[in-house]
Amino acid sequence: MVNVTYDSASGSMQVNGTDGTLVVYNNGDTAWVLASTALVWIMIPGVGYFYSGLMRRKNALSMIYLSMITIAVVSFQWFFWGFSLTFSETGSAFIGDLKYFGLKGVLEQPSIGSTRIPSLVFCVYQLMFAAITPMLALGGFADRAHLGPIIIFIFLWSTLVYDPIACWTWNSNGWSFVAGSYDFAGGTPVHISSGTAALAISLYLGKRKGYGTDALAYKPHNVSYVVLGTVFLWFGWFGFNGGSALSANLRAAQACIVTNLAASVGGLTWMFWDYRIERKWSAVGFCSGAIAGLVAITPGSGFVGSPAAVLFGFMAGTICNFATQLKFIFSYDDSLDVFASHAIGGIVGNILTALFAQASVAHFDGFTDIPGGWLDHHYIQLAWHLADSAAGFAYSFAMTTIILWVMHFIPGLRFRVSEKTESIGIDEVNMGEYAYDYVGPELEHHRDLSQVEMGKISSTPQRDSLKQLRGSDGMSIQEEM
């Protein structure tokens, strides 16, 4: 039985702590964190729609599907042992133990994150962070991976990558937390880890068929999906950053202000950089910049003032925009630019947080006391943030690569699809369903075939693949199947 009573006058929940002291939870704080939980939840399908819109029509449904699968898999993993491995008070500096296995004992007692809310409320809120992170990384699988093995990958990656990094960042025993690094809402655990994982996935899978030719010089198939996904993400980010205050206070309000400001400046900055090249006002460019601004402000949202948020947005919109060219310089196929937006954006945010964090802003909640960053003449802070960023980058890349290659040698768990499957589309082969039932997959293949006939696709393997799809007698894919 839980030991809970309610104050008759205020309705506040009261419990006796493990040391016998009376703990009173504010209803407003609990309501704000639960509302923020719902806000972050909507971000996960938001990522699915954002990624789907950027892809080709024949693979559009797969990313929306994966967003829902990720919620389901991580919800079970978080219940099973994820929360315990991340937030058990008796864990090590790198990973928790199984104190809360199966959520045993996760009820009315004060949470490790804040004594102002019960552990159960903190648990469900942090679940949303654990769920959105692997979904961000799954962008690396776009266009060329079987969906079945990804389900296993989500569970393994959450356990072996996200949980340890989140533990060392937010658990009071974590080495980065003890050292004094500032990460309000997930610069390293969420963005650097997922962006770096997407890079590892891209390198493991190799380039898509037709990489470097006109075959992949396509525009996003549905810009409306890109905008819709951005709307979901921007909307939910108020709960992502504002909710990380774990209380309905002035610090939460400040986090919401700088979040919106950085997104706005980031979107405009990226759009203007793109305009200089094509002389077009790009909705996709604005949305990409807004996401970059949101990523960068995430670690610093509870530590920096509004003027700094303008710089966060400008630097993210600029650096992440140019970082999209890294895939051409180093010849890897990150089709959705997850590494450029999230890993690079997270590093930018971590560095700027070390420079512009202020003790006065952190104290907006009335109890957080920190020495601040460079603005407060606390210069060692940058070294800790560089160390934390490098550790998150290296660990995520190495462990993700290990997971991918171990699964590669297990029958039935290889990720890379055949060239024919890649040409037909993941939706058709792995799902038998489409984002748009009224548009058959042959439409895109006929477009590719017309490019062959016009000489725009010249590579022999690609020509042969397309001919096989049409069949020697000119039958369409649907007729052959």
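We number each residue from 1, going along the chain as drawn.
Just so it is clear, glycine is given a Cβ too, placed from its N, Cα and C backbone atoms.
If you check TrEMBL, you get these features:
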type: DOMAIN; residues: 31-436; note: domain 'Ammonium transporter AmtB-like'
type: TRANSMEM; residues: 31-51; note: transmembrane segment
type: TRANSMEM; residues: 63-81; note: transmembrane segment
type: TRANSMEM; residues: 117-138; note: transmembrane segment
type: TRANSMEM; residues: 150-170; note: transmembrane segment
type: TRANSMEM; residues: 190-206; note: transmembrane segment
type: TRANSMEM; residues: 222-240; note: transmembrane segment
type: TRANSMEM; residues: 252-273; note: transmembrane segment
type: TRANSMEM; residues: 280-297; note: transmembrane segment
type: TRANSMEM; residues: 303-324; note: transmembrane segment
type: TRANSMEM; residues: 336-357; note: transmembrane segment
type: TRANSMEM; residues: 392-410; note: transmembrane segment
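Within its own chain, the transmembrane segment (190-206) is flanked in space by residues 129, 132-134, 136-141, 144-145, 157, 161-162, 165, 295, 298, 327, 332-336, 338-347, 349-350, 389, 392-393, 395-397, 400-401, 404-405, 408, 415-416, which lie at least six positions past its ends and keep a Cβ under 8 Å from the stretch. Here the transmembrane segment (222-240) has long-range neighbours at 35-43, 45-54, 57, 60, 129, 185-186, 256, 259-260, 263, 283-284, 287, 290-291, 294, 298, meaning same-chain residues at least 6 beyond its ends whose C-beta is under 8 angstroms from one of its own. Beyond its flanks by at least six residues, the transmembrane segment (303-324) meets 182, 184, 254, 257-259, 261-270, 273-274, 288-289, 292-293, 295-297, 337, 339-341, 344-345, 348-349, 352-353, 356-358, 361-362, 370, 373 of its own chain at Cβ-Cβ distances under 8 Å.
Ranking 31-51, 63-81, 252-273, 280-297 by CB pairs under 8 A with the transmembrane segment (117-138) puts 31-51 at the top.
Listed as Cβ neighbours of the transmembrane segment (31-51) (distance under 8 Å, sequence separation of 6 or more from its ends, same chain) are residues 63-68, 70-71, 117, 121-122, 124-125, 127-129, 131-132, 135-136, 138-139, 142, 225-226, 228-233, 235-240, 242-243, 246-248, 252, 287, 291, 336.
Among residues of the same chain six or more beyond the transmembrane segment (252-273), those with a C-beta under 8 A of the stretch's C-beta atoms are 32, 184-185, 234, 237-238, 240-245, 281-282, 285-294, 296-297, 300-302, 304-306, 308-310, 312-314, 316-318, 320-322, 361, 364-365.
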